[in-house]
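**Student:** Quick one: structure below, then a few questions.
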Amino acid sequence: MNWVNDSIIQEFILLGFSDRPWLEFPLLVVFLISYTVTIFGNLTIILVSRLDTKLHTPMYFFLTNLSLLDLCYTTCTVPQMLVNLCSIRKVISYRGCVAQLFIFLALGATEYLLLAVMSFDRFVAICRPLHYSVIMHQRLCLQLAAASWVTGFSNSVWLSTLTLQLPLCDPYVIDHFLCEVPALLKLSCVETTANEAELFLVSELFHLIPLTLILISYAFIVRAVLRIQSAEGRQKAFGTCGSHLIVVSLFYSTAVSVYLQPPSPSSKDQGKMVSLFYGIIAPMLNPLIYTLRNKEVKEGFKRLVARVFLIKK
């Protein structure tokens with residue numbers, strides 16, 4: 001990649017909420033707690049899913065991928081935010097900004113695709129239960145996960161290249177907590193209409209295509225569940241999908257408001273808060289949603305804790 005600004009720009013200033021210094025300490029506390037919970041929660045899901053043989057199923061394989069993604073998602077942004085909240089001079093190096101932009105875009109796109117893959121897994125499990133193990137074999141699961149990651153990172157290469165090749169005007173001040181495409185486009189010295197149109201188009205594709213697949217999957221799932229005679233069977237079927245639906249709703253509702261909403265000066269602070277929610281709060285809530293609503297994960301966690309104490313004895 002030819003990052004044309006690399007030899008000129010050394011660093012960016014991240015404004016965040018610099019005009020409201022009284023918010024810095026509360027945000028520092030919130031970010032620190034959220035990051036700690038995110039690390040602990042997602043590591044717990046990864047360990048439980050990998051170490052408990054009863055959870056070696058496609059559903060938990062994809063959940064492990066989602067937890068790993070959320071770990072990386074927050075780690076690429078939160079540590080830098082914490083440092084800046086504790087500093088008088090809030091900066092990020094040019095190379096750090098490039099890395100943050102690339103990783104943030106890649107993981108965001110990958111998450112959309114993984115959520116669609118997880119809905120397909122639930123569709124097969126509920127609508128084709130007798131053929132589930134045949135259809136969702138290990139090789140297909142690996143291929144679906146790999147395709148999600150590769151597509152997400154390929155999309156990031158494209159968008160990052162388009163954004164970072166634009167000439168940027170001094171002062172290099174980003175009115176945000178992190179390096180995002182919309183914030184960087186505002187620094188450009190040239191017309192960015194074409195870039196904004198491409199960003200909008202790609203965002204629509206990565207939002208609407210996976211969302212359409214999710215909605216189609218759940219339309220078939222709801223139809224299949226309503227045919228189940230017993231109330232207990234219906235409750236169990238809906239229970240396996242409830243956590244996934246909550247996560248999808250959280251992620252899509254916030255991400256759509258950032259990338260598919262037309263820019264407005266009056267909504268810039270709202271955009272910052274929404275970005276913080278889907279970049280920090282949502283990855284923290286995901287493991288809580290899955291563990292609190294999922295009996296198998298809770299039982300697997302208990303077995304893991306019991307094994308740890310047994311080894312210590």
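Cβ from N, Cα, C; glycine included.
Quick caveat, the model's predicted, so the values are computed rather than measured.
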**Student:** Does the record in Swiss-Prot have Pro167 and Lys272 facing the same side of the membrane?
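**Tutor:** Checking Swiss-Prot: the two residues are co-localised relative to the membrane.
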**Student:** Taking contact to mean three or more C-beta pairs under 8 angstroms, with sequence separation of 6 or more, is the transmembrane segment (101-120) in contact with the transmembrane segment (196-219)?
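**Tutor:** Per Cβ check, the transmembrane segment (101-120) touches the transmembrane segment (196-219).
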**Student:** For the topological domain 'Cytoplasmic' (293-313), what's the model's average pLDDT?
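**Tutor:** Averaged over the topological domain 'Cytoplasmic' (293-313), per-residue pLDDT gives 72.
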**Student:** Are there three or more C-beta pairs under 8 angstroms joining the transmembrane segment (196-219) and the transmembrane segment (58-79), sequence spacing 6 or more?
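**Tutor:** No, these stretches are not in contact.
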**Student:** Cβ under 8 Å to the topological domain 'Extracellular' (80-100), counting only same-chain residues 6 or more beyond its ends: which ones?
**Tutor:** 3, 5-6, 9-16, 18, 24-25, 27-28, 31-32, 35, 160, 164, 174, 177-179, 184
**Student:** So if I exclude everything within five residues of the ends of the topological domain 'Cytoplasmic' (50-57), which remaining residues of that chain have a CB under 8 angstroms from its CBs? That is, six or more out.
**Tutor:** 64, 296-297, 300, 303-304, 307
